[in-house]
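Copied over from Swiss-Prot:
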type: BINDING; residues: Tyr34, Tyr169, Gln173; note: L-tyrosine binding site
type: BINDING; residues: Lys232; note: ATP binding site
type: DOMAIN; residues: 352-418; note: domain 'S4 RNA-binding'
type: MOTIF; residues: 39-48; note: motif ''HIGH' region'
type: MOTIF; residues: 229-233; note: motif ''KMSKS' region'
Amino acid sequence: MNIFEELKARGLVFQTTDEEALVKALTEGQVSYYTGYDPTADSLHLGHLVAILTSRRLQLAGHKPYALVGGATGLIGDPSFKDAERSLQTKETVLEWSGKIKGQLSQFLDFENGANKAELVNNYDWFSQISFIDFLRDVGKYFTVNYMMSKDSVKKRIETGISYTEFAYQIMQGYDFYELNQKFNVTLQIGGSDQWGNMTAGTELLRRKADKTGHVMTVPLITDANGKKFGKSEGNAVWLDADKTSPYEMYQFWLNVMDEDAIRFLKIFTFLSLEEIAEIEKAFDAARHERLAQKTLAKEVVTLVHGEEAFKQALNITEQLFAGNIKNLSAAELKQGLSNVPNYQVQDEDNLNIVEILVSSSISPSKRQAREDVQNGAIYLNGERIQDLDYTLTEDDKIDGQLTVIRRGKKKYAVLTY
């Protein structure tokens with residue numbers, strides 16, 4: 001099975017400009033290819049991971065990746081299938097975010113070794129050197145307004161309004177392909193299926209300005225079995241930066257993937273062979289309740305993104321919280337595992353009697369209810385049941401001197417911080 005056949009078997013090929021010519025190029029020699037990443041936030045997220053891992057698969061097959069950071073296009077904003085104009089960022093912010101993208105990409109692509117080591121390029125390097133007049137003369141003349149208006153990404157914004165700034169974005173992305181082709185002989189661009197219009201602007205410019213053929217391959221935008229956009233947890237993006245989404249939170253995200261999606265996601269997001277995945281699927285179908293596919297998915301992706309130690313920690317937090325063994329975890333681990341739990345900052349003047357603190361932290365709605373909860377054995381302090389109405393919290397109740405975990409019943413938690 002050649003690399004293109006494997007990408008197809010994994011569900012990673014959505015659309016290509018000329019499949020036969022692309023397969024020929026990929027099987028006959030080394031292809032230089034690129035994927036663009038606009039610095040629209042200070043971290044990449046799971047939505048980027050499909051293209052990143054596809055790029056890694058191609059590098060492992062011997063092809064040469066170029067990671068293009070959109071230092072210039074990030075200042076403009078891509079209108080593709082966005083309902084409204086993006087907020088413009090400052091040059092300083094875009095520069096800072098561009099630097100963070102390189103660090104994250106180096107976790108997946110090899111920038112150090114071999115003839116096909118990855119290269120990082122920034123389109124600000126060439127756009128900052130070209131004047132507006134030169135851009136119109138040397139690039140703009142190759143694009144008709146009719147051609148630009150025909151793009152679905154533009155059509156969807158015509159009714160609500162699109163600025164010239166965003167309208168011109170596709171020409172800028174097209175020029176990226178031209179520059180990379182002229183400087184590094186890049187002949188293939190990879191991106192999400194929502195980028196098709198911008199990407200083919202590049203092949204059009206290559207054809208008209210340089211009389212060369214470029215290839216485009218889009219990867220699918222991933223949705224779950226319910227058709228919801230993939231990569232968000234509780235409405236928030238799942239980030240690759242551990243400071244924005246902890247390894248534990250990412251582990252939980254994958255662990256909670258629906259059965260209908262689990263095997264498909266193993267093909268897309270892991271480097272397990274298709275044969276290994278087929279074996280997992282057999283065992284998974286025989287005992288869905290054991291969630292083997294989700295557990296494997298969570299292990300593989302968290303290890304890939306954050307490393308083996310982070311995976312082991314996420315697994316340990318999961319197991320200890322499930323068993324109620326709060327004291328087996330450090331304060332740092334509890335902050336990961338209980339990041340979405342209500343937090344109450346204990347004040348110096350607070351009464352630390354168990355009934356008082358239950359009301360202060362909103363675990364119990366009233367003192368009467370708090371007393372009933374304690375007497376009925378529904379209150380746990382760091383995993384241990386408290387039934388003494390006169391119990392007062394002490395230094396011994398502070399884990400690592402930083403926090404105390406209160407639980408009411410089976411599911412209602414609060415974290416007291418000091």
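Every residue number used here counts from 1 along the chain in the order it is shown.
Quick reminder: no glycine exception, Cβ is built from N, Cα and C everywhere.
Within its own chain, Tyr34 (L-tyrosine binding site) has Pro65, Tyr66, Ala67, Leu68, Val121, Asp176, Phe177, Leu180, Val186, Leu188, Gln189, Ile190 as residues 6 or more apart in sequence whose C-beta sits under 8 angstroms from its own. Neighbours of Tyr169 (L-tyrosine binding site), defined as other CB atoms within 10 A of its CB across all chains, total 25. Within its own chain, the motif ''HIGH' region' (39-48) has Cβ neighbours under 8 Å at 69-71, 74, 77, 86, 89, 94, 96-98, 100-101, 104-105, 192, 221-222, 229-231, 237-241, 244, 253, counting only residues six or more beyond its boundaries. Along the motif ''KMSKS' region' (229-233), the predicted structure has mean pLDDT 69.
Of all residue pairs in the L-tyrosine-binding list (Tyr34, Tyr169, Gln173), the one with the greatest Cα separation is 18 Å apart. With DSSP states grouped into helix (H, G, I), strand (E, B) and coil, the domain 'S4 RNA-binding' (352-418) comes out at 19 helix, 20 strand, 28 coil. Residue counts for the motif ''HIGH' region' (39-48) under DSSP, helix first, then strand, then coil, are 3 helix, 1 strand, 6 coil. Its own atom aside, the Cβ of Gln173 (L-tyrosine binding site) has 28 Cβ atoms within 10 angstroms in the protein chains shown.
The DSSP secondary structure for Tyr169 (L-tyrosine binding site) is helix.
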